[in-house]
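Participant: OK, TrEMBL features for this one:
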- 103-125: transmembrane segment (TRANSMEM)
- 132-151: transmembrane segment (TRANSMEM)
- 157-175: transmembrane segment (TRANSMEM)
- 187-220: transmembrane segment (TRANSMEM)
- 240-258: transmembrane segment (TRANSMEM)
- 279-300: transmembrane segment (TRANSMEM)
- 306-329: transmembrane segment (TRANSMEM)
- 341-366: transmembrane segment (TRANSMEM)
- 378-396: transmembrane segment (TRANSMEM)
- 430-451: transmembrane segment (TRANSMEM)
Amino acid sequence: MLLLWMALAALVRFAYLSSKPPWTDEFSTLVFSLGHSFRTVPLDQVISSEDLLSPLRPEPEGTPQDVVRYLMSESTHPPVYFLLSHFWLKLFPALPQGIVSVWAGRSLSVVFAILTVPAIYGLGWLAGRSRLAANLSAILYAVSPYAVFLAQDARHYTLALLLITLSFCCLVVAVRKMQARQPIPLWLCAGWVAVNALGVAVHYFVMLSLLSEAIALLFFWRFQAPAHRHAHPSSSFLNPQLLAVAFLSLAACLVWLPELASSQTSPLTEWIFYDRSDLLMWLNPIFQFLAAWVVMVILLPLEADFLPLAAVAAVVMIAFLLWVVPLLVRSFKMLLADPQTRWAVVLLGGLVLGGIAVMTLITYGLGRDVTRGARYNFIYFPAALALLGAALATLWNRGGLADEATTPPPWTSRRWYAPRHQFPKTGKTAVLGILFLGFLSALSVAVNLGYEKYYRPEQLAAQMRQYTEAPILVATDHQTHVQTGEMMGLAREFLLAPDASPYTLPRFILAHGEKNSLTPAATLNQALSQVPRPFDLWLVNWHASENVNQPDCAAQEIRKIWINGYSYDLYRCR
């Protein structure tokens, strides 16, 4: 069965893998993985599409040392995934146009996503010793729209997710050993530390997962029966093997502390900062959390351009959630009522709540809204799936617990936890419905009707083709390689077009300067004065305080459409 779930995961993740254009973060992965630098792209002058796309052209001279050097000097991420991607991309030829294949870049992420299926299965089985719960957890991951969204990006999240899942598995095994008052095996400790260290070298946010493990252990220890809480050092935080794992994992984190500290002042991370005086910014994280939790399981085509389809999708999702959530709540109560499953629910729940608590603390305490990036919820996602898999297994079995076999959890009253042991006959229907809608949701993401890409350069390219009457010159104000990536996406669309020719390929000006400053406008106008007429000037994502100041360049009124990631204006220069 596990192979079937892996095949299902592969099917929905490889579907339409290269049909969606890459966005800025994916360009970062591709450029750095090739051992190239964004700084080779000329600024403050007119350049060709060839010049702009040159960092995307594979060259045999690129080395792993180049990957590390350029990544650590120009980005804010650790190097392990980029090194793996460097060797992976060498297995694939470039596109006929000479640039790297997006399918090749994304496929590595998909491979790690497929390998995560057995890891999720293992976490579900280790926690509950139930093959049904393990299978349901694996299926949930296979069809999760959130998991498909992460997998179809040429980014490092699926590898980080795989390592977090393995770390959670180690935690569950360690807790089982402590419950049995047995020493944690040395091989498990070594593997646990290795997984944690590798995870931090893949994504710094794995540190937050490790912190959530500490919170989960505290949560678990606090809610044990008092008779067991102080029974033996091996079953508490004083466990020597557990302390060794904690200290060695902490050391693995501290190695990256200087790099992590420097990234906090990088312009690349400014987007997560928010103004604490804005009341709306205090409310946004709450709704962003709620939305992230829902779309981990179900996301029908809410972002379809056809409004009736999006409306029907919203109604179906709301109705389904109103039906299923009460069933899941009752299922969790049953799991808590059973001494055999209670400990796993508390531990996995501690991981989920710990991850949420850490993100909340960073958001409200440090003023960095990490909930704005839905992808960052990966730090507790495996535990949430294992919990949900256990709840669905209980739904499927329709209340296999007997009153006399249950005792109330030590921290609550019998009235609160008292479950209804016989679910309605809709229990299996609800499980099948969740899985079926999950599959439809996964397909919605694959075809870009859910978790729509942040940038849609293909739509902007179509607008340009519709209104252009002369050679195209695109101008943007530049602060970091994010803007370079935005323009790369646009240049790539023109390059890959069936009618691509030197005449149809646009030229670009990346006018460097601080946002809302006068420098980019001065640079632009100086460059425009030297460009032979006629040409059509498109200001794309132009945020400088001044625009075009050329007597022969006139702004044009065109019918604009909303395009993800791009704002634009047209000038005709004659």
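Residue numbering: from 1, along the chain as shown.
Using N, Cα and C of the backbone, Cβ positions are placed for all residues, glycine too.
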Participant: Counting Cβ pairs closer than 8 Å, which of 157-175, 279-300, 306-329 has the most of them with the transmembrane segment (132-151)?
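Facilitator: Between the candidates 157-175, 279-300, 306-329, the best contact partner of the transmembrane segment (132-151) is 279-300.
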Participant: Taking the transmembrane segment (306-329) as the first stretch and the transmembrane segment (430-451) as the second, find out whether 3 or more Cβ pairs fall under 8 Å, excluding pairs closer than 6 in sequence.
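Facilitator: Yes, the transmembrane segment (306-329) contacts the transmembrane segment (430-451).
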Participant: Let me check one thing: do the transmembrane segment (103-125) and the transmembrane segment (378-396) come into contact, meaning three or more Cβ pairs under 8 Å with sequence separation of at least 6?
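Facilitator: Counting Cβ pairs under 8 Å, at least 3, so yes.
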Participant: Using Cβ atoms and a strict cutoff of less than 8 Å, what residues sit near the transmembrane segment (378-396) while being 6 or more residues removed from its termini?
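Facilitator: For the transmembrane segment (378-396), the nonlocal Cβ contacts are 116, 119-120, 123-124, 127-128, 130, 132-138, 140-141, 144, 146-147, 150, 157, 160-161, 164-165, 168, 205-206, 208-209, 212, 216, 293, 296-297, 327-328, 331-332, 334-335, 341, 344-345, 348-349, 351-352, 354-356, 358-359, 423, 427-428, 430-431, 434.
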Participant: Cβ under 8 Å to the transmembrane segment (187-220), counting only same-chain residues 6 or more beyond its ends: which ones?
Facilitator: 77-81, 156-157, 159-160, 163-164, 166-168, 170-171, 173-175, 177, 237, 241-242, 244-246, 248-249, 252-253, 255-256, 260, 263, 343, 346-351, 353-355, 357-359, 362, 376, 378-380, 383
